[in-house]
Each structure stands twice: as structure tokens, then as C-alpha cells.
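Worksheet for the structure shown next.
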Amino acid sequence: MTDTLDDLAVEGTTVGVRVDINSPIGDDGTLADDARLRAHVDTLSELLDRGGRVAVLAHQGRPGGDDFVSLESHADRLSELLGQPVDYVDVTFSGAAREIVDDLDDGDCVVLENTRFYSEEYMEFEPERAARTHLVEGLAPVLDAYVNDAFAAAHRSQPSLVGFPTVLPGYAGRVMESELDVLGSIEETPEPRVYVLGGAKVTDSIDVAWSVLEKGLADHVLTAGVVGNVFLIADGVDLGDASSDFIYDQGYWDEIDRAADLLDAYGEQVALPRDVAVERDGERHEIGVNALPPKNDEAAMDIGSSTLAYYERLLEDAGTVILNGPAGVFEEDAFARGTRQLYEAATDVETSIVGGGDTASALRRLGVEGFSHVSTGGGAALRMLTAEPLPAVTALENGPSQRQPADD
Ligand SMILES: Nc1ncnc2c1ncn2[C@@H]1O[C@H](COP(=O)(O)OP(=O)(O)O)[C@@H](O)[C@H]1O
Ligand SMILES: O=C(OP(=O)(O)O)[C@H](O)COP(=O)(O)O
């Protein structure tokens, strides 16, 4: 068990708070969606209201990407959400950063620069080694405690996630606490348990499918999105060049063999799409798998109506459904139907758990609500749903034994 904010004497304490506010960025290089910021408001407000001095640590994007930008606009938006000034500092662990953090007063909040602007933060380390990186060695001396609220990044073994709790007393923030609570007790959820794996992270999804089937966690795995297309090809369906080229270009061609192996081992529990939707003459057009490949070499952009009816029947009997990844290219209205209808059907299941950044954004866009739990994490949620440990959580659990007394 990790300690939580209930175990931390906050008043007058300088706390490094790792959040995950990695967000969509607009063409102007600033924040385009604040959902992940809003998720952390409870943790940050609580620390500030209890007299904490808060230094926010976070990453944005990956080196080389268009969304690899500074956290200045994130700090502006956090200031609005928290209803108090939030300073932004364009450094993370330099002497200037240390001075600013050291000068914080009770109730002050500062956002330090994108941790990934420093190369070590984009590497994975064992916690003890992560504790000896420039970031952790530079900043830890001016911090009294470390709070990790970045559940969505907890599957990464990077310095800001596993290094700080190795040298400072570490605590789970409220987002982390609630995610661990819900996703950590997956084995106790009602059966039968159905996993719906859609979206475009094919390797991760096949890993999850193997793991949950091997462990007996899943009664059925329903495939959709690019994942479903890979399984169709693995099953011998000719999807046509457009979909095949897409899978090849995304680097997922080798996954077809792994999908075929999974079908050999657990074929009866793995459900494949029965039809797909393509764009024909500017409109949605559905084709049964027996009639594939599409005659004009169109790409399979969504699951079709027969698949939806089949999957809805399987969901009717489920006690728990766990979903990750859109069923189709939901960004285009014509191909949002599969995602909308499948996820709507899932809300009728007794326990419904959803994970994934794009998935959450699809649900907001499509106005689908009513799940038992919508996780802030994609990869992290998937990893937890296979009952695998998350490095950042393990580091919190194993951290220094020294603990401060809680507030009175
Ligand atoms: N059939 C498909 N062909 C191409 N892209 C698809 C298809 N189905 C879903 N996608 C894409 O998958 C992306 C989201 O997948 P992913 O990143 O795995 O989700 P999450 O972030 O929720 O884990 C979306 O951009 C969506 O357009
Ligand atoms: O957005 C994130 O993960 P997700 O896409 O799995 O939800 C996290 O911020 C982790 O980012 P990373 O996958 O660049 O390490």
C-alpha cells in the first residue's frame, strides 16, 4: 500500500507534485484540451488549502514531436482552474529553479518546465539510478516530500516518477489513489468479464489480450479499431491494400503472427468483427467480412452493424466490461458510430471501466457518459488491467521508510 495525502503533514511542507498534464497541443503551440489538468485540481487544491508549498512537475509530448512544448500555457490554465496565481518557471532543476522553489510560501504554487526538456527524463532507469540523475539530485534538496498523482505516466520508469520517491517520502495524490483503488481490484469485479480492445496501439492490446486470457481474467476479448483489423488479417481475411498498408506503415505487420498465435490458443474467447465500414462515394458503406476485400481498395475505418449487434449480445451477459481504444476513426462523423454504439452498450453493464487518452476524448466528443470509472491513463490503465505492477507505484511503495506525521 502507498501512503496518501492523508498521511502527509502538509502545512509548511515543500512538495514536488508529479502530475500528468500531457495534453493535445494546438497549432499555436499551446494547450488545446484541459481535461488532464482538471483531473489534478483536487490534489493540488487540497495541498494548497492545507498550507503546502507546491512545485508541479510534468512532461508534455515526446522529443521531436509537434506537441513537445513548454508548460507555460498549462500553468496559465492551472491558475484559472485553481483560482490563484500559478507561476511558470522556464527551468526545472537549475540553481534558479531551486531558488524559486525554496522561496515559496505556504499556499504558493509554481509549475516547473517540461521535465522531458532534459534528456535523462526520457530514459528508463531502475529507481536507485534514477535517484542519481541531474533532475532528482538537483531538485530533491529543496523538497520535503514527493506526491505522485501522475497515474497516466506510472508505467514509465523515468526519473521524475521513480527517482524522487527513492530519496524523499512519497505519497499518492488523489488521482493516483482513486485509479489504484478501482483498477487494482480488477480480480474482484463481477464476472463474466469482457475486454474490448480497439484503437491503434496494436502491440499493447495484444499484450493485454494474452495476459488477461492466460490469467483467466477475461471471459471474452472483443476486437475493434486497428486491433480488430489486425486480427481479421490474422484470421485469413483479405482487408485490401489500404488497411494492410496502414498496418505495415504503423510498424504492426509482425503483430499479425502474434494475433494468429492468440487465435490458435484462445480463438473461442476472441471475437472478431463480422463487418467493417469503409468510405464509398463520400459516405459510410458497410461490407461483410465474407465480401472483402473492398472492391475499390478502401480502408476499414470502423466496425459495422452486424459486428455491433454481435458485440452488444456478448455485453448483455457481462458483469464487467473493460474498454480501451475507439472502435473506429471516431474523429470522422461517418465512422464514429461503432465507438458511440459500442461504448453506449457498455454503460449498461454492471461494472464498466474505460481507459485511454483518445478514448476519453472520443467519449467526451460523442457525449457518451455513465461508466463506473473513466481512467486518466491509457498505457498505464492497460498495464494495471493485466494485473501487472506499475514502476512508479512500486517506487512509491518501496520508497524511504521515513514518514512525517499527518496534519492534526
Ligand atoms: N479502423 C481504424 N483505422 C485507423 N485508425 C483507427 C481505426 N480505429 C481507430 N483508429 C484510431 O485510433 C486512435 C486511438 O487509438 P489509441 O491511441 O490506441 O487510443 P487510446 O489513446 O484511447 O489508448 C484514434 O486516433 C482513431 O482514429
Ligand atoms: O499520455 C500518456 O500516456 P497514454 O497515451 O497511454 O494515455 C502519458 O502522458 C505517458 O506519455 P508517454 O507515452 O509519452 O510516456
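For all residues, glycine too, the Cβ spot is worked out from N, Cα and C.
Together with ASP20, ILE21, ASN22, ARG36, HIS59, GLN60, GLY61, ARG62, ARG156, the substrate site in TrEMBL holds one more listed residue from ARG98, ARG116, ARG193, ARG258, which is ARG116. With a cut-off of under 6 Å between the Cβ and any atom of ligand 1, the binding-site residues ASP20, ASN22, ARG36, GLY61, ARG116 reduce to an empty set. In this structure, GLY357 is the one among the binding-site residues GLY356, GLY357 with the smallest number of other Cβ atoms inside 10 Å of its Cβ. When the Cα atoms are compared, ARG156 ((2R)-3-phosphoglycerate binding site) and ASP20 (substrate binding site) turn out to be 12 Å apart. Excluding the listed site residues GLU331, GLY356, GLY357, ASP358, THR359, the same chain places GLY199, GLY325, PRO326, ALA360, SER361, ALA362, GLY378 with Cβ atoms within 8 Å of the centre of the ATP site Cβ atoms. Candidates ARG36, GLU331, GLY356, GLY357, ASP358, THR359 (binding-site residues) were compared with ASP20 (substrate binding site); those inside 10 Å Cα-Cα are ARG36.
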